[in-house]
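Feature annotations, courtesy of Swiss-Prot:
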| type | residues | note |
| --- | --- | --- |
| BINDING | G17, P18, T19, A20, S21, G22, K23, T24 | ATP binding site |
| BINDING | T19, A20, S21, G22, K23, T24 | substrate binding site |
| REGION | 42-45 | region 'Interaction with substrate tRNA' |
| REGION | 166-170 | region 'Interaction with substrate tRNA' |
| REGION | 247-252 | region 'Interaction with substrate tRNA' |
| SITE | T108 | site 'Interaction with substrate tRNA' |
| SITE | R130 | site 'Interaction with substrate tRNA' |
Amino acid sequence: MNDVTEASLPKAIFLMGPTASGKTALAIALRKVLPVELISVDSALIYRGMDIGTAKPDAAELSAAPHRLLDILDPAEAYSAADFRRDALAAMADIVAAGRIPLLVGGTMLYFKALLEGLSPLPSADPEVRARIEQQAAEQGWNALHQQLQEIDPVAAARIHPNDPQRLSRALEVFFISGKTLTELTQTSGDALPYQVHQFAIAPASRELLHQRIEQRFHQMLASGFEAEVRALFARGDLHTDMPSIRCVGYRQMWSYLNGEIPYDEMVYRGVCATRQLAKRQVTWLRGWEGVHWLDSEQPEQALNKVLQVVGASQN
């Protein structure tokens, strides 16, 4: 897209970052000085009744800066990157129509990627094809299926471990349904985002500081009633660990504790470790992200000024 065309597009701001990096505080500060409306980009914050363990903005924060795509689903419901893209595009169009700028804030990098680049036209899952693959795996073993994938799609086979049956099965299923490899189809992305996007990533300067923040926040969550929050979900009887909501970091560890699988101290240790691993994955995504401006979460005023400078410069 050339500069002239891009300059004529409506503006949007992405504020990305790992968990516990200060995204919400910066987003609220930005709303005070820019004509922005916030859209949450977080696969955990979409769920109702999951407030403490997701560090959902509190009532005061939401009053200062309302977020869209927050509390839109029951924890029993699933939500895909395609669902997010559809809902985010509708919210963005609504915000622009009101003469304001969409500010998308969160840490679900897959959602940002889907929004920015569009989605690959992959076929929907087919239970019959999946059952056939699983039967073949039961008879021959997953290693044999991995060798089969290597012949069909060597690029995907190099990326997928033989001990990852879910992804291995999906790669074969895509080929059997469409006649095209996963690699071919993922290279054909959908529609690019029709906005002039300014992208920012906020994080502490050191990994140690981020780890420290994560541990402090996990203990704050426990002190704020996280166990009671998960007990209420556990008591419903219709939720389980195969659901995306209960697989969220912190929730799945607390679920194991409530299920009698691990002691309390082990739950705390695993919860902190899982959150750190999530943050590491988020930072890895961002390190490879093109066109992103980095912000130091320990310098909030400097971070705010940098966003204003970049967004303001595009108006000149």
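The backbone N, Cα and C atoms fix where each Cβ goes, and this holds for glycine too.
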**Complete:** In the region 'Interaction with substrate tRNA' (42-45), averaged pLDDT is 98
**Prompt:** Which residues, sitting 6 or more apart from T19 (ATP binding site) on the same chain, put a CB under 8 Å from its CB?
**Reply:** A55, G107, I214, V249, T275, L278, A279, Q282
**Asked** Which number gives the other C-beta atoms within 10 angstroms of the C-beta of T108 (site 'Interaction with substrate tRNA'), all protein chains shown included?
**Response** 20
**Prompt:** Which Cβ among the recorded positions (K23, R130) has the fewest C-beta neighbours inside 10 Å?
**Reply:** R130
**Cα distance (Å, whole number) from T108 (site 'Interaction with substrate tRNA') to S21 (ATP binding site)** = 13
**Message:** Beyond the listed site residues T19, A20, S21, G22, K23, T24, identify every same-chain residue whose Cβ lies within 8 Å of the center of their Cβ atoms for the substrate site.
**Reply:** G17, P18, A25, A55, G107, I202, S297
**Request:** Calculate the distance in Å between the alpha carbons (Cα) of P18 (ATP binding site) and T108 (site 'Interaction with substrate tRNA'), and round it to a whole number.
**Result:** 9
**Message:** Using a 10 Å cut-off on Cβ-Cβ distances across all protein chains shown, tell me which of the binding-site residues (P18, G22) has the largest neighbour count.
**Reply:** P18
**Message:** Under DSSP, is T24 (ATP binding site) part of a helix or a strand, or is it coil?
**Reply:** helix
**Request:** Sorry to bug you, but what's the C-alpha spacing from T108 (site 'Interaction with substrate tRNA') to A20 (ATP binding site), rounded to the closest Å?
**Result:** 13
**Request:** Select one residue from S21, T24: among these binding-site residues, choose the one with the most other Cβ atoms within 10 Å of its Cβ.
**Result:** S21
**Prompt:** How long is the line from the C-alpha of G17 (ATP binding site) to the C-alpha of T108 (site 'Interaction with substrate tRNA'), rounded to the nearest angstrom?
**Reply:** 9
